[in-house]
Amino acid sequence: MLRASLRQISAALKEGQITPTELCQRCLALVRSTQFLNAYITVAEETALKQAEESEKRYQRGQPLGELDGIPIAVKDNFNTAGIETTCASNMLKGYISPYNATVVQKLLDQGAVLLGKTNLDEFAMGSGSTDGVFGPVRNPWSYSRQYKEKSIPRSDSEPENSNWVIAGGSSGGSAAAVSAFTCFAALGSDTGGSTRNPAAHCGVVGLKPTYGLISRHGLIPLVNSMDVPGILTRCVDDAAVVLGITTTYIFVCSMSLFRRLSQSKLNSIYPIYIFLFFSVSCHVSGSLAGHDPKDSTTVQDIFQPFALPTLTDVSKLSIGIPKEYHVPGLSSEILAVWSKAADLFKNAGAKVVEVSLPHTHYSIVCYHVLCTAEVASNMARFDGLEYGHRSDMSKSTESMYAATRREGFSDVVRGRILSGNYFLLKQNYEDYFVKAQKVRRLIANDFVKVFGSGIDILLTPITLSDAIPYVEFIKEDNRTRSTQDDILTQAANMAGLPAVNVPTALSERGLPIGLQFIGRSFQEKQLLTVAKWFEKQVQFPMIQLEEVKKHDDGVLQHQKSASFS
Amino acid sequence: MPPVCWKFIKLHENLAPWVPVVGLEIHAQITSNSKLFSGSQVQFAAPPNSLVSFFDASLPGTLPVLNRRCVEAAVMTGLALNCTINKKSLFDRKHYFYADLPAGYQITQQRVPIAVNGSLSYSLCIDNKMSQMVTKTVRIKQIQLEQDSGKSLHDDARSQTLVDLNRAGVGLMEVVMEPDMCCGEEAAAAVRELQLILQTLGSSQAIMAEGQLRVDANVSVHHPGEPYGVRTEVKNINSIRFLTKAVDYEIQRQIKELENGGTVVNETRAFDSKLGCTVPMRDKEGKQDYRFMPEPNLPPLILYDAKSLPANVNHQQVVNIDWIHERLPDLPSVKRAKLVELYGILPEHSFTLVNEDGLMEFFEDVVKRTQMKPKKVIGWILSDLLSHLKQHSLTANESPISSFLLADLLNLLENGDISSSAAKQVFEELWKGEGKTPLEIVKEKQLELIQDQEELEQICQAVIDEREKEVMAIKEGNKKVINKLIGLVRKATRGRANPLLVKQILEKKLSE
């Protein structure tokens with residue numbers, strides 16, 4: 001039953017086939033038995049069971065709050081959760097308990113979701129492997145799948161079986177692994193340069209990065225404020241739409257023309273999209289979960305309409321763009337083949353498939369690096385050991401206390417980014433780096449505007465250069481090099497603020513997931529997910545066969561077989 | 001071009017004169033119920049750290065939400081200072097580490113502020129003579145919205161720093177004035193005028209003693225015709241009197257330094273009010289690089305006017321410049337002109353009325369309640385009331401004599417019930433604040449004019465009888481001597497005689 005999709009399990013709850021408490025207990029048991037994946041930093045067993053109990057009462061009264069009521073979920077450990085530790089996988093915030101919930105967390109809880117725990121990540125979400133946090137690396141559940149075991153040849157007999165495990169991708173690797181290993185039905189990640197889509201691709205789950213401004217960032221501990229978006233990880237596209245529906249409820253319809261006009265304006269702003277009014281009106285109706293959050297001035301203010309994801313049968317009116325610049329050096333032939341096959345799939349179904357150009361793509365990753373580190377340097381300034389978080393014992397002077405606190409609290413990766421960000425922001429460098437990067441960012445955003453303006457509905461691209469590589473291989477390169485390689489196909493969507501989704505597409509020769517990316521127009525999540533859903537149906541991505549979990553677990557999966565949907 | 005300075009300073013006859021240049025940066029706390037980017041209350045002298053939201057303490061994940069009231073206050077102030085209001089302004093982060101700046105940066109408007117290119121006219125009297133007033137203009141470079149910091153309290157004995165974040169995040173308007181002034185007095189007059197404008201608008205209470213108005217002065221000196229000298233910044237001056245002293249001291253110090261062959265270094269200094277001098281501040285070692293960057297959590301601030309206002313927009317969500325413009329109250333300069341026109345008083349009197357806290361309202365209240373002509377009332381307000389207030393360091397609102405009582409008193413005088421010398425006596429009694437009405441005092445002290453013609457004639461007759469010599473002189477044609485007799489009658493009646501009536505009686509009796 002734990003392998004069911006969110007919508008299936010929701011139906012099962014409604015029909016009384018399982019109670020929220022039972023469901024929560026089974027998930028918690030699986031979380032325990034898959035502990036070796038290191039997907040969770042904190043498991044909130046007690047509060048989860050309490051929430052499940054509350055949900056159960058609602059079901060008993062026949063008044064569940066909606067499709068998410070009683071559904072076990074997980075949240076990346078860079079979203080604030082009241083009463084549950086929020087660490088960002090950093091020594092700086094170890095033991096930090098926030099007094100408030102992030103807006104997205106609050107919305108999920110308000111809909112009756114059961115929060116199982118906080119998932120692992122790279123420290124402050126800086127990374128692409130989920131290997132660089134203080135709680136250790138996340139292991140990709142597929143490392144323990146029958147599919148991988150059968151196809152991968154142990155390099156030598158002397159090598160312990162354990163060293164073959166592959167990375168989960170990152171930085172939301174914990175969330176992706178948690179969904180992939182069936183420990184929860186949906187998880188929140190964050191996506192700044194690909195942090196939701198990359199691990200989704202490696203772990204074979206759907207990873208949605210919505211349009212910048214559609215979902216509130218309030219309570220998400222920022223990496224790059226102008227690019228961060230809460231991401232959604234689920235087993236299938238429909239589930240992502242359900243969660244998005246909950247996190248936004250309504251989708252943007254009314255003034256697309258306005259946004260188009262604004263996003264084409266030549267003003268040199270860091271916003272790919274202009275959000276033009278921002279005095280919050282205090283009459284926030286609780287329960288009505290429109291996209292705008294009065295606590296986040298960068299969320300859209302317009303009226304939204306609820307949407308249901310239709311099943312597309314005819315793609316002949318669709319125009320799919322294949323950006324040639326995404327054929328980057330280092331792209332594995334395997335991924336390239338999957339990408340071409342996917343394009344053919346659309347073509348054969350009658351869609352118009354066109355090669356398009358996004359000419360500034362090459363410059364994107366460099367600019368991303370400048371803008372990212374600059375905002376990181378600024379955002380991290382608040383961690384000084386005074387108000388909260390780690391404080392060094394050093395007491396010689398306030399300045400020496402700051403220095404020691406930050407040296408002890410941050411990893412080399414974080415400190416490295418702070419250092420380069422501060423360098424780019426120095427008065428003498430600002431024009432040469434930050435302003436130039438901003439200008440190029442505008443060009444990159446305009447590339448997309450032009451392509452979509454030419455009649456393209458959706459862009460289809462690869463999302464990773466290859467399938468997931470073993471941890472021992474991954475750590476041979478430093479975080480900076482890895483991030484540059486791994487974000488190359490994903491961060492442009494963040495630079496432009498566009499919605500993008502990973503759809504698991506095929507298994508590699510090694511039996512590991514390969515995903516492809518669909519990039520849509522601003523605030524056109526409905527169209528994006530509709531196409532993704534059609535594609536998902538065509539490719540019939542196989543379900544993970546978790547051999548190892550069976551070996552590790554307490555018989556949870558065997559027990560479920562009788563009640564399973566599959 | 002900045003106006004040419006009228007004041008050259010010469011310390012030594014044989015050396016070239018100096019031109020002092022003064023520019024000001026003024027931080028005014030915006031009067032608002034809540035802070036610039038959070039919902040925390042704003043209140044002076046609240047218990048430490050009792051007005052701190054999650055955002056103010058910079059808890060991770062919190063975001064700024066702009067307070068509409070603060071924007072309106074800045075627009076109002078910009079309009080009052082003849083600024084161009086930028087329809088689109090931007091917010092920036094200014095980074096530095098300090099214990100009372102929890103985020104490690106201040107949100108300000110460095111690149112595109114909300115208002116630019118304004119001017120402020122102010123008047124001051126030359127050589128302390130009220131009759132010699134000159135009007136000057138200082139250009140306003142910009143007005144920017146920004147966050148206030150918290151407060152650090154250093155406990156040197158225990159080598160501790162205590163931080164109070166109540167003030168952290170309170171909305172400030174930084175008004176940047178171009179270096180168009182040349183002495184402490186000018187700087188003080190400009191700040192006083194700004195203070196009056198802010199108070200009139202209600203955009204800031206601008207009480208300097210409570211830190212709601214803080215002044216940084218940039219001071220330099222140069223020889224006429226030469227480029228500006230190296231400037232120093234005297235920071236955090238918190239009274240107008242200190243501003244005059246600090247600027248003048250700094251000008252003198254720089255001139256002396258230069259004439260003694262020294263140099264002026266670009267540094268921040270503080271004014272030591274006890275010693276009456278400026279001293280270098282020790283806090284900053286070397287130049288700070290604030291690493292400015294755009295505030296990514298706040299979209300550009302867009303303001304509208306009647307023309308650009310989009311249809312079907314929620315009015316709670318937009319600020320309409322024209323709407324604010326139409327509702328601006330009368331500014332001090334307009335108030336002064338109106339006072340002169342309405343009451344026929346002198347311009348310099350209108351200046352005092354407007355510049356002294358609550359005095360104009362006091363004056364107008366009195367005028368409303370008395371038949372006495374405003375031109376006469378002003379004398380009582382300025383020479384009697386104001387001098388008493390000044391002596392006791394009180395404002396008009398704190399006056400022990402209310403406008404009601406003063407009006408009553410002036411009515412007694414105007415009706416001829418008492419003489420003006422009696423009125424002065426009553427005024428002194430009223431000042432004691434014993435709760436008596438003017439009439440009660442008049443009765444008690446028997447100060448009312450003698451209305452009984454016969455009684456008055458008897459007193460006059462008695463004086464005439466006693467003063468043969470004077471009577472003779474008058475009869476010989478020396479009419480002026482009658483004043484002496486009038487004085488004697490007044491003395492005899494202890495001021496209770498109407499001098500006009502006395503004169504009539506005396507004249508009549510002497511011509512008999």
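For all residues, glycine too, the Cβ spot is worked out from N, Cα and C.
Please treat TrEMBL annotations as automatic predictions, because they have not gone through curation.
Residues or ranges marked as active site, charge relay system in TrEMBL: A:LYS76, A:SER171. According to TrEMBL, the active site, acyl-ester intermediate annotation covers A:SER195. Positions annotated as domain 'Amidase' by TrEMBL: A:33-146, A:161-247, A:289-529.
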* Asked: If you run through the domain 'Amidase' (A:161-247) with DSSP, how many residues end up as helix, strand and coil?
  -> 30 helix, 19 strand, 38 coil
* Cβ atoms near A:LYS76 (active site, charge relay system) (within 10 Å, other residues, all chains) -> 32
* Structure fact -> Taking DSSP H, G, I as helix and E, B as strand, the domain 'Amidase' (A:33-146) contains 39 helix, 22 strand, 53 coil
* C-alpha of A:SER195 (active site, acyl-ester intermediate) to C-alpha of A:SER171 (active site, charge relay system): distance in Å? -> 5
* Between A:LYS76 (active site, charge relay system) and A:SER171 (active site, charge relay system), find the distance joining the two CA atoms and give it rounded to the nearest Å. => 9
* Surrounding CB atoms that lie within 10 Å of the CB of A:SER171 (active site, charge relay system), all protein chains -> 38
* Asked: Mean pLDDT, the domain 'Amidase' (A:289-529)?
  -> 93
* If you draw a 10 Å sphere on the Cβ of A:SER195 (active site, acyl-ester intermediate), how many other Cβ atoms land inside? -> 39
